[in-house]
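Asker: Just passing along the structure, written as structure tokens.
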Amino acid sequence: MATAALRQIWIPRFLPVPWFLCGSRRYASSSFKAADLQLEMTQEPHKKPDPSQPLLFGKTFTDHMLMVEWNQEKGWGQPRIQPFQNLTLHPACSALHYSLQLFEGMKAFKGGDQRVRLFRPWLNMERMLRSALRLCLPSFDKIELLECIRRLVEVDQDWVPGSMGTSLYVRPVLIGNEPSLGVGHPTRALLFVILSPVGAYFPGDALKPVSLLADPSFIRAWVGGVGNYKLGGNYGPTVLVQQEAQKKGCEQVLWLYGPDHELTEVGTMNIFVFWTYEDGVLELVTPPLDGIILPGIVRQSLLDLARTWGEFRVVERKITMKEFLRALKDGRVREVFGSGTACQVCPVHQILYQGKHFHIPTMENGPQLILRFHKELKAIQYGSKAHEWMLPV
């Protein structure tokens, strides 16, 4: 598929870059071109995973990767698809010392027709560009990068598992590669993309609900920070809190914010509450994109689907623990769930908050909405339902 043709299809789907990231210094006009893509096929292909064995997330990688280098003097170099290999970095590399790094997560699915399709990848490209500009990393043409990624997936498409629930995880990364201990705008950068076949998050379609630790002493993101960008520095500090949750018998963390203990995210997922609101109206609510919430691709997809159905109110609004617990006590909460690329939709059945366990009746209610979202997403992602969200490889 020619890049020019793809550009006409995708341009209307991209969101505008925030005005404060559009200065001339940050928003360079140069970019690499998919037409210049170089291809070096591996001479030592890896053994593909046994389809009968479970695939652990992020442990297996395909034969090839995409690499593009950038420096301030010459701009972007030629993109190349090359054999999967280790990186060589200077010990003073700015990504290692000052977290000048960002990443994306997206998936390719193989349908019953054996065709491989990417799920809403232009949204990932938009989010990746916003993250790059926030870190003063080089700009790039979203459509050119997307075409390079499509070509990479095409080269390694035999690695895409074919059973329901499995997929090929696509991990684009952009890092500052400045060989200096000074903190500043990097003059070198490296963009690379690796691929990993992954198994079903819920084997056999059996949804497993999770319990959450809600501790307001831990904060994931704050107003004026970078919680709405997909940066590596947002994830490392959450590991300790995740361990604390596990020590208390919880699988995930419910991140709270502010004096009112606003619900923000679940682990690395966006959070949704399906309930009857105080005015008696059935609604699906998720926190708004106010600067501390990551604009998840699946989050947006669930909102889009629910609004298309038009069967209940769909809102983006702040949710406090006080109003949530009041609704729980009144029996107005139907389902609570997280959404993300890894799990798609993950049910929640319990919250540990201020020393008390609160049961959420998600599973007792079907969970009808979660199952409906799962069914609809699978139909779209695996090609049984034609949809503009999917990009054929």
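Residue 1 is the first one shown; counting continues down the chain.
Even glycines carry a Cβ here, placed using N, Cα and C.
Here's the feature list from Swiss-Prot:
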type: TRANSIT; residues: 1-27; note: transit peptide
type: BINDING; residues: Y169; note: substrate binding site
type: MOD_RES; residues: K230; note: N6-(pyridoxal phosphate)lysine
type: MOD_RES; residues: K322; note: N6-acetyllysine
Asker: Count the other Cβ atoms sitting within 10 Å of the Cβ of the residue listed as 'N6-(pyridoxal phosphate)lysine', across every protein chain shown.
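Answerer: Taking all protein chains shown, the residue listed as 'N6-(pyridoxal phosphate)lysine' has 23 Cβ neighbours within 10 Å.
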Asker: Using C-alpha atoms only, work out the spacing between K322 (N6-acetyllysine) and Y169 (substrate binding site) and round it to an integer in Å.
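Answerer: K322 (N6-acetyllysine) and Y169 (substrate binding site) have their Cα atoms 38 Å apart.
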Asker: Taking just the CA atoms, what is the gap between K230 (N6-(pyridoxal phosphate)lysine) and the residue listed as 'substrate binding site' in Å?
Answerer: 16
Asker: Near K322 (N6-acetyllysine), how many other Cβ atoms are within 10 Å of its Cβ?
Answerer: 11
Asker: Are there any residues at least 6 positions away along the chain from the residue listed as 'substrate binding site' with a Cβ closer than 8 Å to its Cβ? List them or say none.
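Answerer: F57, G58, G105, M106, K107, L195, S196, P197, V198, T341 - these are the non-local Cβ neighbours of the residue listed as 'substrate binding site', listed in sequence order.
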Asker: Using DSSP with the three-state reduction, classify the residue listed as 'N6-acetyllysine' as helix, strand or coil.
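Answerer: The three-state answer is helix.
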Asker: Per DSSP, Y169 (substrate binding site) is which: helix, strand or coil?
Answerer: strand
